[in-house]
Amino acid sequence: MDLNEITSSSRPLANYHPNVWGDRFLLHEPEFTCQAGEKQLVEELKEEVRRELKEASNDYLRQLKMVDAIQRLGIEYLFEEEIDEALRNLLAKFENYCKDNHDMYATALSFRLLRQHGYKVSCEVFDKFKDGEDGFKVEEVMAVLELFEATHMRIHGEDVLDQAFVFTRNYLQSIHATLSNPIAKQVHNALNGYSCRRGMPRIEARKYIPIYEEYGCHHKALLKLAKLDFNLLQSMHKRELTQLYRWWKDLEMPTKLPYIRDRLVETYFWDMGFYFEPQYALARNILVKVQCLVSIFDDTFDAYGAFKELQLFKDAIDRWSISCLDELPEYMQIIYKLVLDVFEEIESHMIKQGTSYRLDYAREAIKIVIGGYFDEAKWREEEYKPRMEEYMKVATKSAAYLTLIIVSFVGMKNDIATPQAFQWVLSEPQIITASLALARLSNDLVGIEFEKERKYIATAVELYEEEHKVSKEEAVLELRHETESAWKEINEALLEPTTFATPILDRILNSARVLEVFYDKTDRYTHVDLELQNIIAQLYIHPIP
């Protein structure tokens, strides 16, 4: 086919809906501003919390509740050393406490907090709460809820936690309508994808702060600090979002490339899920810009480009040179020039940091995702249907998560994202393969009907259905089991001893948490529903009163 003969009617257009935000984020007009006196108050509150945490060291349950509240309220990053010390103290007492106390709430809370911190404490502590083969003794609702939360830390082979998950979920669903607030809200959130382990930290904090306030026994200094800190970070995030929105608007990509998804706000929200803390501002900026590129690539390969054009673009990415520009169709020249410009900006940051080596890994990350997109385009062109194993090898690359994880390291501090960290991710260890499978399957499980509206390659659901001669419902159920298996593998890989420090591993864990939001019931990046809009508004528009 001559490139000049390619018409709009021959392109597999997806007709994505436009940006839902208009110019809402074009100007930074913070509803909350922190005065010098409030910054001083933050420091005073931090000192008060430190004192309280230290005083609680001799009271097991009190210390547990303090650590849990700090984490759930979203201020753990302010007390990393203190929490490390507190959890070491709790670990030393864990076995004896669980042996001497028949307290489901404290046992489950201890187990979850210690597992979250990487300590491989035994799940046998729950055996004494069993009631029959699959049942558990029902205690107060908070104890059952905490056991439900603890089950999200399970790994392969922990049958007691598999049984506890089913039991506690069913029990909480059965009594939810009879509960009153604030416990009703907490149960609702846990049952609807916002568990402590799998929820995005910023969403969790935003949801938990008002719940915590409703409990009469809340710690006043903690609550005040959590509100102040949330609003301060919200103002910072909105300022970052405004700068990125202006960058995106000035590029005029949705006008120049009208077939793409215009999702700058959703992209920023996605990447803030990787890291929300102030020290990761540069890393967020880089990741958002690269994910904007990846989104354009995805739409070009999936919903616009003719196969010969896509082959030219892949070759140009492989060669990575300005000399490739004239060989591309006009619309692809726009994309390729943007790639070079974004990477030139990244290079300038890396030179200042003395980490120029990271640029090679970032380029490699782009080549990986383009390779995945191209292989899928080739299958589509040849009307080839791969087997499940072959599909997953390619589709885990085209899910773009390996690319995003690699790029998430690029703007981090020098002593954290070492060459060894990049090489480790590229070697695809257990936690990476599990994360990539989770990303691919989560996407496929919610995107199948939309994809059927145009020429597409079969998804994991259809391939599994065909290979195993089962119904669509059975295939979906089995693939959901696969996503649970992936979470177990992620949990196991995060238990000590670990290969790399927490800041590296947290990027991978957080990348998985983002999937729980974007691929819950539908593909919320493609179809931005009201629930996602409300979440984004709570995080970037409305401060906590």
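Just so you know, the numbers here start at 1 and follow the chain as drawn.
Placement of Cβ uses the backbone N, Cα and C atoms for every residue, glycine included.
The feature Mg(2+) 1 binding site is assigned by Swiss-Prot to D298, D302. Under DSSP, D302 (Mg(2+) 1 binding site) is assigned to a helix (H, G or I) in the three-state scheme.
Residues annotated as Mg(2+) 2 binding site in Swiss-Prot: D298, D302.
According to Swiss-Prot, the motif 'DDXXD motif' annotation covers 298-302. Within its own chain, the motif 'DDXXD motif' (298-302) is flanked in space by residues 12, 14, 16, 257, 259-261, 310, 313, 332, 335, 373-374, 376-377, 398, 400, which lie at least six positions past its ends and keep a Cβ under 8 Å from the stretch.
According to DSSP, N443 (Mg(2+) 3 binding site) sits within a helical segment. Other C-beta atoms found within 10 angstroms of the C-beta of N443 (Mg(2+) 3 binding site) number 24, with every protein chain shown included. Sequence annotations record features per position, and here Swiss-Prot assigns Mg(2+) 3 binding site to N443, E451 based on similarity to another entry.
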For D302 (Mg(2+) 1 binding site), list the number of other Cβ atoms lying within 10 Å of its Cβ atom.
-> 21
D298 (Mg(2+) 1 binding site) has its Cβ surrounded, within 10 angstroms, by a count of other Cβ atoms equal to 20
Work out how many Å separate N443 (Mg(2+) 3 binding site) and D298 (Mg(2+) 1 binding site) at their Cα atoms, rounded off.
-> 13
